[in-house]
Amino acid sequence: MTQVTVKELAQEVEAPVERLLQQMREAGLPHTDAGQVVTDNEKQTLLTHLKSSHKSKAEEPRKITLQRKTTSTLRVAGSKSISVEVRKKKVFVQRSPEEIQAEQKRELEERRAAENAARDKVEAEVRQRNEEQARRQAAGSTAAAPAPAAKPEPAPAAAPVAAPAPVVADAPASEDAAARAAERKKDETRRNESRTRDDDRRRGEAPRVSIKVKVKEKEKAPTPRAAPRTTDEESDGARRGRGGKSKLKKRNQHGFQNPTGPVIRDVTIGETITVSELANQMSVKGAEVVKFMFKMGTPVTINQVLDQETAQLIAEELGHKVTLVSDTALEDSLAESLKFEGQTESRAPVVTVMGHVDHGKTSLLDYIRRAKVAAGEAGGITQHIGAYHVETDRGMVTFLDTPGHAAFTQMRARGAKATDIVILVVAADDGVMPQTREAVQHAKAAGVPLVVAVNKIDKPGADLDRIRNELSVEGVTSEDWGGDTPFVKVSAKMGTGVDELLEAVLLQAEILELTATPTAPGRGVVVESRLDKGRGPVATILVQDGTLRQGDMVLCGSNYGRVRAMLDENGKPVKEAGPSIPVEILGLDGTPEAGDELSVVADEKKAREVALFRQGKYREVKLARAHAGKLENIFETMGQEEKKTLNIVLKTDVRGSLEALQGSLGGLGNDEVQVRVIGGGVGGITESDANLALASNAVLFGFNVRADAGARKIVEQEGLDMRYYNVIYDIIEDVKKALTGMLGSDVRENILGVAEVRDVFRSPKFGAIAGCMVIEGTVYRNRPIRVLRDDVVIFEGELESLRRFKDDASEVRSGMECGIGVKSYNDVKVGDKIEVFEKVQVARTL
């Protein structure tokens, strides 16, 4: 057993020697010097003493303080708020069990003493009250005893009668005094009882003595004056408590009763309805409808849109009456209110000029109008629809000039719908092109007759028969070949054949017998719309029927307004416009979509109601289409990487150009990159457009528009990419280049040379060295290689050493021998092939 001195023990426990000796003396050990030996038993004794002393200190009462802080916000008028902080502090003191027991014992003794004192006092009061009552009864019996004895006595005997007279007179006075004393004692008793009850309630015990005394008091103390008061109190308490409460309950009871049978509701179902709306109309919970449809085998959610037939089936199965309504009921009622009555008259034909780009459509129309309009278009290319009416020698004709570029498919389709006759312009030296075929398809779909104008007939190489052959393939047969389509040879530059073309157009118009009602309210179609900075929304309208006048309230798609001003195609103000007349109108609350129908309505309230309805319907259709697209593509996009997206904010001068550019740009891209037009509109580039581009990391494109000062400032500060264009080709080409750059590059491997192993040598520096013959290409040093055995790749690494004879070589050409050392590979065998290649990055294209 190892012996330890006091000094060594002090060093071990890291305590001063004097303190350790003092603790050992307190523990009863005989150690007084630092050199004395301490045994294990003495160590145990010292440890026990220290533990007991620490425990006694730990068991002393300790005070615990808890602080709690609560912060809340108090809102005052406006957007102001006040922060309220509540701090609470609680102190807990742990007391010894002896103190707690002593306090409980003391409280119990005090409670018992108070109960005994209250009981003695109450018993004394009851005893005194009983004695007074007995004395009062005795006095009453003494006063009543002489009254019957006075009747048989004769009248002269006055002395016996006079003796009890004072007693009879004093009886009521003593009775009143006794009643007052009893009343005072009763009040005092009631106060004592209430105090006793409060004490019992505070101590948590039931007032047993008070209840017994109270019962006795009610039974034994029916005093004459206290009884009416008690009755009043009881009746008043009953009136205020029980009676009043019951009457109040009766007044507050509702007359609703649960239905004894199923309630049949009248359910109105439109063309589409959500599950929650259907449940609300049937007065059931949405979960019940969802559960019912699950039982029918159709899993739905509470916000899912149901068609009319499904909703009708559900409502009828649940026992309700169904009323089907059309979503277009509001528009139908508006159409019925519009009356087109009056005498019909012949109207001018609306002619649309179609054809491929640069085939001379605008130049031909320009020659007809005797004005140089094409010079105003960028690059001589029509960017949006132009509407003009022309007075010719043979009558008035309205022309619509549509763009020929591939991006303007929707604009050409709208032009075909709004027109009566289509002039198909085909260049004699170019033939039938893609947009020519598309124009033929639009004309056939709209059921509009065609007049073919073979333009540029004065150029060398013009071949009319070739045009006839190519168009006959598309189903357009010339009159010379037995068809019904007139072919006219024209030259927009020289004016050749223009008169014959107009004659053919007017002949077709006479065959169609075009009529209109000028006296009816105006009705037309939106050819184009734009946002003018000074005049607001401007819409180009082609009046198809009736007369449009300044001041009319019009409904145009999802927009409405009063016509504040009308301008003709030359910019001159006009008061009214008849059938087949194109005009620009001002006063709408927004820019309508090209192709929207315009109607004159009599009531502004009705116009606003229908416009708001159409806006909501358009929003619902858009959301439904987006939801359907997500459901259809959920499995196709599962597991695919996220596409790289080029965000664009696009602003144009007219609505048609915006739609065309959105369609063209949206069609660009592939599985890896895409174009997303996050913001588009008509008008100049504003500060909000620049902020949108900044927030979404987009490129700003302006087509025939410019940015204002606020937008330019943001573009300069943030370094945004903003570009101006006036030709649609440039936008599409730049976006294609940007997408090509986003695609990155591909890594392509080019095989530089192949060497065949003829022998294997051992080198102390490089290990196995392959003696090879270059059989193809050139072998280079420090290039990646592959080792092929039986045309199977068994190793891929790097060519570390290349020598010819004893000299290092940078390259060895075909037909020459060399020694090749492969880095980190020694399993080279005779007959293997070493293939040297390089990796080249190649730019990708769309």
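Placement of Cβ uses the backbone N, Cα and C atoms for every residue, glycine included.
Fair warning: this is a prediction, and the values are worked out from it, not measured in the lab.
Here's what Swiss-Prot has on this protein:
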COMPBIAS  96-135  compositional bias 'Basic and acidic residues'
COMPBIAS  136-148  compositional bias 'Low complexity'
COMPBIAS  158-176  compositional bias 'Low complexity'
COMPBIAS  177-206  compositional bias 'Basic and acidic residues'
COMPBIAS  230-239  compositional bias 'Basic and acidic residues'
COMPBIAS  240-253  compositional bias 'Basic residues'
DOMAIN    346-513  domain 'tr-type G'
BINDING   355-362, 401-405, 455-458  GTP binding site
REGION    380-384  region 'G2'
REGION    401-404  region 'G3'
REGION    455-458  region 'G4'
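Counted within 10 Å of its Cβ, the other Cβ atoms near K361 (GTP binding site) come to 28, all protein chains included. Across the range of the region 'G4' (455-458), the DSSP-based residue counts are 0 helix, 1 strand, 3 coil.
A sphere of 10 angstroms centred on the C-beta of G355 (GTP binding site) encloses 28 other C-beta atoms. For the region 'G2' (380-384), the model gives a mean pLDDT of 43. Counted with DSSP, the compositional bias 'Basic and acidic residues' (96-135) comes out as 39 helix, 0 strand, 1 coil. Reduced to three states, the DSSP call for D358 (GTP binding site) is coil.
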